[in-house]
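I have placed the structure first, in the form of structure tokens, so that the comments after it can refer back to it.
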Amino acid sequence: WSCAQFVARPVGVCSMMKLPIQASAEGLDAAFVGVPLDTGTSNRPGARFGPRQIRAESVMVRSYNGSTRAAPFDSLRVADIGDVNVNLYNLPDSCRLIRESYQKIVASGCVPLTLGGDHTITYPILQAVAEKHGPLGLVHVDAHTDTGDRALGEKIYHGTPFRRCVEEGLLDCSRVVQIGIRGSSYDPNPYQYCQEQGFRVVPAEECWSKSLVPLMGEVRKQMGDKPVYISFDIDGLDPAYAPGTGTPEIAGLTPAQALEIIRGCKGLNIVGCDLVEVAPMYDVSGNTALLAANLLFEMLCVLPGVKTM
């Protein structure tokens, strides 16, 4: 751990929060993993550069959480284990490579915290995580439900991961909540599929101008003590805060609400998390990636076993 009090921030190899870099998840309780894939994107590309930029901006994230008093590095063994070596020219093959990498990570007892990459990557990640833990609860923050069936004849792209997961029995559909959903749609009843599966859909309109602490109290009851996965698409946030993404939708969540959602997951049996769809070139300020780095730190802070100061 190299703190800016002792090592200048621009110094050193670029790892998540300047953590040690390890070749595998062996011996770790939690690990940051990059999946630099964006060949599943439907609009603006660039999320392949998300992991790199999130790591670069993460130098501003320090080791203790002053708001929640969480002390993750006093509680867990954490490192950055680099990136999955994806195949940019073959999306199904990339899914295989991601699934096999995550099978190794979860087999070692490590909780993966993923830097995306487009939302396609959550499908093979959940294949690996559910293989170990059984059907998962899901806290999904996004502007889109990502439950489409196919596009351009293809069943795998960033608009379909959660339908593929349902079909394969990876999700416990009575414990799935989707928060921040909004925008125009191709379908007159865009939430029909989700509601038929038993998902709870919380449109962005139900979140405007209010605290999400009460919502998260209900979500915690719904999730119970069984395994839960957090999948956070940065486009769940309003593009004023997170313009660096490929499919922005107006009138989204605020960073404060994002913190309420993640902090509201404390106490749940979290077995994995991801932060996807950061496409840095659409935000020259770097703030989208900085926000992403902070949200990943907040996810680390709510993992089981993290003590408070």
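Cβ coordinates are placed from backbone N, Cα and C, and glycine is handled just like the others.
Pulled from TrEMBL:
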- His119, Asp142, His144, Asp146, Asp233, Asp235: Mn(2+) binding site (BINDING)
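Candidate binding-site residues: His119, His144. Fewest other C-beta atoms within 10 angstroms, His144. Using a 10 Å Cβ-Cβ cutoff, Asp233 (Mn(2+) binding site) registers 26 neighbours. Around Asp142 (Mn(2+) binding site), the same-chain residues six or more apart in sequence whose CB sits under 8 Å from its CB are His119, Gln178, Ile179, Gly180, Ile181, Ser231, Phe232, Asp233, Asp235, Gly236, listed in sequence order. Of all the binding-site residues listed here (Asp146, Asp235), it is Asp146 whose C-beta has the fewest other C-beta atoms within 10 angstroms.
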